[in-house]
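**Student:** Quick one: the structure is below, questions incoming.
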Amino acid sequence: MGYLQSQKAVSLGDENTDALFKLHTSNRKSANMFGIKSELLNPSELSAVGSYSNDICPNRQSSSSTAADTSPSTNASNTNISFPEQEHKDELFMNVEPKGVGSSMDNHAITIHHSTGNGLLRSSFDHDYRQKNSPRNSIHRLSNISIGNNPIDFESSQQNNPSSLNTSSHHRTSSISNSKSFGTSLSYYNRSSKPSDWNQQNNGGHLSGVISITQDVSSVPLQSSVFSSGNHAYHASMAPKRSGSWRHTNFHSTSHPRAASIGNKSGIPPVPTIPPNIGHSTDHQHPKANISGSLTKSSSESKNLSTIQSPLKTSNSFFKELSPHSQITLSNVKNNHSHVGSQTKSHSFATPSVFDNNKPVSSDNHNNTTTSSQVHPDSRNPDPKAAPKAVSQKTNVDGHRNHEAKHGNTVQNESKSQKSSNKEGRSSRGGFFSRLSFSRSSSRMKKGSKAKHEDAPDVPAIPHAYIADSSTKSSYRNGKKTPTRTKSRMQQFINWFKPSKERSSNGNSDSASPPPVPRLSITRSQVSREPEKPEEIPSVPPLPSNFKDKGHVPQQRSVSYTPKRSSDTSESLQPSLSFASSNVLSEPFDRKVADLAMKAINSKRINKLLDDAKVMQSLLDRACIITPVRNTEVQLINTAPLTEYEQDEINNYDNIYFTGLRNVDKRRSADENTSSNFGFDDERGDYKVVLGDHIAYRYEVVDFLGKGSFGQVLRCIDYETGKLVALKIIRNKKRFHMQALVETKILQKIREWDPLDEYCMVQYTDHFYFRDHLCVATELLGKNLYELIKSNGFKGLPIVVIKSITRQLIQCLTLLNEKHVIHCDLKPENILLCHPFKSQVKVIDFGSSCFEGECVYTYIQSRFYRSPEVILGMGYGTPIDVWSLGCIIAEMYTGFPLFPGENEQEQLACIMEIFGPPDHSLIDKCSRKKVFFDSSGKPRPFVSSKGVSRRPFSKSLHQVLQCKDVSFLSFISDCLKWDPDERMTPQQAAQHDFLTGKQDVRRPNTAPARQKFARPPNIETAPIPRPLPNLPMEYNDHTLPSPKEPSNQASNLVRSSDKFPNLLTNLDYSIISDNGFLRKPVEKSRP
């Protein structure tokens, strides 16, 4: 049987599926959107279907369903509203009432309101889409649907209940759109008029143009409806913004009337389901004639019908009984979880993944079914934003349908549908999730499915060449993909080291390479899951021919066995005398370890270093290059004004960069006369420096760095180069002036000899005269070595730092020795660090330097580091710097000077205390021998101011240093030889064991002088004692001590063997130390 008869039947086959999808998503604001004109809606032809009214808005005195929301005792029914029949073009009212099956179904009435006078037909899906995307997004954009279950038809209800306009506790009305259990429902949207009072509309009135389905709760208890999952249908104040979420309801669920027998907790029905044919396509249009003809015929055939009843057996039979037009205007009756295969046969469509979570849909006779009216609009103005989304949804649905149909998961899907129906049954009995009409876990599945299917890009087709070509490493065989196993990281790592031929043999390189596979757009999640692709490691180059000489041992693959190397290898590798070629591999490693040790040392004074770093950073920010101006345009510089002397002085300078800070007082307190250099010098001849003042109208004085006998050193900003420099201002004395000229000459030579700055010497910048003072500008460095030792608490430096600094100092001395330059003032104060956290150093202060053969001064070097030939008045050369180097290394190790003499007499006594007096040959060459020795060559006794008397050979070097490193002790002793000709040169020092890392197998005797020692070794195998400084000849005349007493002079003991022939033979436990001490002479006991 048909509810609405039509002149032409339109089937719901697959050919009209896309058309139904597009017609529901078309623009609803077109004037002829649905192809229905005003003249087609003839009241005479549609009078049998329903009643008409000229009022767009219903009577405000009629009670609404929202009244029941606010008060449990007040209800209303929209079925009993009487409409005047003067205006028939404004409303279309149809009553359709399908019958239920068995005892679980009852008579239901469908009341549909349509209007074309002031508004347009619209669907709940359109409302949902427009509400999401419209900028207005107000409460006026509502989909007004009233759905309910009422066993009493409209006219009978109007006749039997004359007071139906009053409140009733048995009639309820609900307005639900975009629900889950229903298909797309039609609603009336009035464009010309809006509710003046929305709260009043919700509480006391009913909106015009709604589908009203009512239910009498008292008469139909414990029965499920075809159109709702519960026994009650309530009015929702507005449509949900998104499926499953209720917003702006303006009522509380606790105020709804409860049915105790049903167990409905909240009273709000579940949200109906959006039909599957929504949001898939927007390109198809439905003919206008089908809709108009269907409406005309259906209205004529059902003219005198007030209620149409039919038993509803199955979902397929329901569609067969409906008229063709009802198949178009009413949505397909389907279950929320019907199978895809059976759904295709029954002309129903799969729900998109956005709404239905991509669950297979199966037809079930026992499940609840829903019916909603649908009218497919004309898509004259398609929404461009909705089109891509709809197409992608259709693609996902089709792919899901094909996948399910291919694998045939019918039994599994039916079991899922039964579980889902049971969950819906539970949700229909009440609870919070009963309002949303899905199970508690469906929202999570829905979100996961939406993120999985909606945002996934389209997978491009694989080129045929990859499938057909069998030479490639493709996992496709005969057009079918075979399961492959991804190689592990270890396998990939092993393949890196395979030869290139073996890797290339895996694939046929002769065959033509297939075309590249088009790549997909990679997302962030895909990148995180992709394994790292290792780069190709080049093959190991072959060994050079010189490595394949005699004695070379081939490399072994196993690390568990290391063959013993041949001794011929050391013989073939002869050490070179060049310092640059020695120890090239160990030096970078030692430098890094030394830098770590420097960080540990300076970490104790990190606060001061941070303050210094802030000051340095502020200076670096101020340092910049300034464009100079002429001396006549000095007023253009925003600096300090010129004094009267400067106004006359500035004429001697062509380029003016800086004249001083504006808040600096540049006036000198002394009288401006010629004796004091117009007040710019003090009585010592040093320049009176004012911080913030200029030097030569180019440098800005920042602070003081140091002051010495030659003058003073300032830290300045050079505005010509934009760098920080150290400016040395020499005293205004002729002696120092001449020496400063020599220094400037040597610095210029060093810049020529070392253009790449590789020999650890300060870099010269410029020199000039300013107010009768010679100024020398060099690069700015850090603190000196003495301050480093002081910051470490005079505890000495680590041996790795000492080795690193020693190597750099020897590198400097090597260049000076090759160029025959004597530094003449090598000390810790003249060795500066380049960085506080690094061991890189540079040698400064060449003010006392000279060339060999051009020695001017005899009193040179600092006392603690002064060589013996300088003290004794002998001729000196480059070996004096090697002596100073030995003293500096010893001080870096102990933290104190090795020879701390108060004057030259005590300084020489400190040297003889460890190494003894010098040889007579050296004393004869001394011009000052009478100061330190008597006529017989004996050292004159000397007592210091502290009452300390030092005796020769009273201490050993290892006692003073408290060191057991043989190479280190040997290195210092070779630097501290009496004879300069026997002293170690810088080239020899570069090849010493201490710097090259070769350790001597001979262990020194580190026991003190008065300590027990073991039995002496055999004389034949005893090592040769290290040579000592030559002793003066006058010591032969001294009387020897008694044999029973310890002797302090081993050489005298050996020379007096004629007088005491049995002395050495009677000693059983005796050994000669490094400095010639007899440890414990003991007479041999007689039997």
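Every residue, even glycine, has its Cβ placed from backbone N, Cα and C.
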**Student:** If you check Swiss-Prot for phosphoserine, which of Ser134, Ser310, Ser513 comes up?
**Tutor:** Ser513
**Student:** Among Lys688, Lys728, which residue does Swiss-Prot annotate as binding ATP together with Leu705, Gly706, Lys707, Gly708, Ser709, Phe710, Gly711, Gln712, Val713?
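**Tutor:** Answer per Swiss-Prot: Lys728.
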**Student:** Between Gly711 (ATP binding site) and Asp825 (active site, proton acceptor), what is the CA-CA distance rounded to a whole number of Å?
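**Tutor:** Per the Cα atoms, Gly711 (ATP binding site) and Asp825 (active site, proton acceptor) stand 15 Å apart.
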**Student:** Return the residues near Val713 (ATP binding site), defined as same-chain residues 6+ apart in sequence whose C-beta is under 8 angstroms from its C-beta, sorted by sequence, else 'none'.
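**Tutor:** When sequence neighbours closer than 6 are ignored, Val713 (ATP binding site) has Phe704, Leu705, Gly706, Lys707, Ala726, Leu727, Lys728, Ile729 within Cβ distance under 8 Å.
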**Student:** Cβ within 8 Å of the ATP site's Cβ centroid: which residues qualify beyond Leu705, Gly706, Lys707, Gly708, Ser709, Phe710, Gly711, Gln712, Val713, Lys728?
**Tutor:** Ile729
**Student:** Give me the count of other Cβ atoms within 10 A of the Cβ belonging to Ser709 (ATP binding site).
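**Tutor:** Excluding its own Cβ, Ser709 (ATP binding site) sees 9 Cβ atoms within 10 Å.
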**Student:** Out of Lys707, Gly711, which of the binding-site residues is least crowded by other Cβ atoms within 10 Å?
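**Tutor:** Minimum Cβ neighbour count within 10 Å, taken over the binding-site residues Lys707, Gly711, occurs at Lys707.
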**Student:** Roughly how many Å lie between the Cα atoms of Ser709 (ATP binding site) and Asp825 (active site, proton acceptor), rounded to a whole value?
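**Tutor:** Cα to Cα, Ser709 (ATP binding site) and Asp825 (active site, proton acceptor) are separated by 12 Å.
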**Student:** If you skip the near sequence neighbours and keep only those at least six away, which residues in the chain come within under 8 angstroms of Asp825 (active site, proton acceptor), Cβ to Cβ?
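**Tutor:** Counting only residues 6 or more apart in sequence, the Cβ neighbours of Asp825 (active site, proton acceptor) under 8 Å are Asp845, Gly847, Ser848, Ser849, Ile860, Gln861, Ser862.
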